[in-house]
Structure formats: C-alpha cells, structure tokens
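So the structure is just underneath, and the comments pick up after that.
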C-alpha cells in the first residue's frame, strides 16, 4: 500500500522551508467500503493491487476502509469492488480541500472572540492568535515558546492557572496536531484555551477547574508538518525530519515515543505513514515535548494528559501497544471516558465510543499515551479522535469547528469535575 506521504514526494523531496506547489487532489475521490468477513481480504487486495492510499485501512473484518482513489484509477477500482456497499466521503477531494482552506485573514492585536473559530487559519496566524489571547489575560496565563521544530518553527503553548498562582497545582496537558493533517484538533484545543481563559470567574465549573489545575495546552505539536499541509500536501501526517538513506522524509511522531517502540503498531519503513523513526525518541519535536513534560511534572506532577486526534469520534485509554494488558488504573480511565462521552453527546447528540486504544481503534506502538502513563507516571493518560466518523474525515468543513469545540469542552469539563471530586 502506498502511503499518503509518498504523494508529497511528487511535490517535494527535501526538508526545507521553501514554498512548494501544492499537490492537486482535483478529481480524487474518497470512498468508504465497510468490510465484513466475506470481503475484507478482497478489499485489502484491491488496495494493494491498485497501490491506493487509505485514511483508514481495514486490518480486520468489521472495520471501514476509507480509500483515496485518483481519477486514473476510478474505473478499475469501481470494477474491483462491484457488488460491495460503498459510501462517498468526498466526490471531489480537491474541491473539498479548496473550500476548507479558504482562510479568513487575522490581524495581529485583534481581541480574540468566537469569530476565530469560524475558519481554519495559517500556522503563522495561530501564533499571533495565541499571543493575542494570552495578552488579554496576562495575570493568569503565559504564552510559551516551548521549543523549536526540526525546521526551526516555534512549538507554541499556553500556560493557564487560577487562584493558587503559576505552577501551584497538578498539571493538565493537552496536545493537538501531532499528526499534521488533523486540523480540527488545532482549533478545538484553542477553543478550550479560549474558554478556560474567557470564562474564568464567569462559569463556576471552569473556574473550579482552572483553580484546581495548572493547564498546559500545546495546540500545534508538529508545526513543520502542519505548515506543509497548508502549502504543499493537505494530507501529510508525519513531521518533516529527513531520514538518512531514504527518499521519504518524516516520522510519525505518535510512534516515536521511547516506550514499547517496536511492534506491529508501527512501521520500520520510512515511507510508511506510521514510520517509527530510526531510534526511540529521535524525532526533534518529541525531544522537545518530552523535555517540556518532564519539566512540568517536576513541579506538582501531571494529573492528566490528553492527546487530541481526528477522526473517528472515540475517547480512549491505555494501552495502545497491547490489546490484552491493562493498567492498574483501567477502571478509573474507563469511568472518566464514559463521563466525557456522555457529556459531549448531550450538547449536539454526537456519539463517541470509548475503550482501550488497541481494542477500540488499532494497535499502536511508541505512542504518547502509553509513554505518559508508564514512563512519566502521569496519573491519567487518554486520547481522543474528534469529529467525524468519516463523512468528511480529515477534511472537516469549517462550520463544524464551533460545534466540535462546544461539545469537546463540555466533555472535558465533566471529566475534570469528576477528577476533582475524586
């Protein structure tokens, strides 16, 4: 199976900050094929034989195959899957991307409000927005340049605290956009930052949360990959770090954490979307994030870590590396996951599934959740797959940003209230 990442090699083969012509997805279709016992092997063969990219690969029966089909292969693909049920996710992927990437201009110094969340934005505008947002609440927050990416971009963070003062409470850490193409996670983590700051002393639940925790929000964990999705290839997933003796750049940063690094839940192939890297923790951005998490943990410890992804509408607990092992805190993780999902659904009716990562989505090696729990000894370590379940997938329309933020905030507030209550 050809990786989505390999498409970008048509546009760029080196890791630089230079602007590259965007890969054109005009005429590409994204088609979902639900699998079952009698067709899963054939769907896998079609993907392999036609060398097709997937957003979701069906590793076993019952899993959906979300397949990217170029114009030149549509006839062959439709012939091979004749008689199978299909769902059209994107009739013209290029058109969907053009609609999604109609960014609204942002003027630095603007007082941030709900209008920010009516559009997606450029990487540089995100930096301006975060600094402007923090500037409105200087006594209860700080904007932090957490470190530099491989290409030298800022990895931004917002640090938020309440009545006890900075670094006086156990920390909550949220990560977004570790996978470059998951734009909704950037916006949703920023929506939560905006809410925690603007609703403090206005909303009792949010005030209690901010008073009880030191909150760290990293909306763009993978800035090089994120910027690349905006200039060159919308579907890029990995970072942009070169791989020696390999034509394919990039590591999957969520397979690069130095815990349970090797296994079937990651790949040793540099051209794979799930390439784990040459060594555990050798991703430039992973080194930055591990250093930051250790520094945060050295204060009052880390009460909770959540890594926000898309898509799938899932809220998951450890482990990723094993489908049979369970942490001693499994029951608590499951309880909080259900609380999150129930509160989220109450807002817009959006259903989320919950459960351990390996059993709920797929096996994952070298991931952030397992590392945080087992190496950093974070008390509660979780991950989410935000909207949707595949109707639009990674290319989620901008009109879903605000409802995604509203429901995710509600789930998060309910979950953190339960943590405070014990």
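Using N, Cα and C of the backbone, Cβ positions are placed for all residues, glycine too.
Per Swiss-Prot, the Zn(2+) site holds 179, 182; the candidate it also names there, chosen from 309, 333, 348, is 309. The two recorded residues, residue 271 (disulfide bond) and residue 237 (substrate binding site), have Cα atoms 11 Å apart. According to DSSP, residue 255 (substrate binding site) sits within a helical segment. When the Cα atoms are compared, residue 237 (substrate binding site) and residue 182 (Zn(2+) binding site) turn out to be 8 Å apart. Reduced to three states, the DSSP call for residue 309 (Zn(2+) binding site) is strand.
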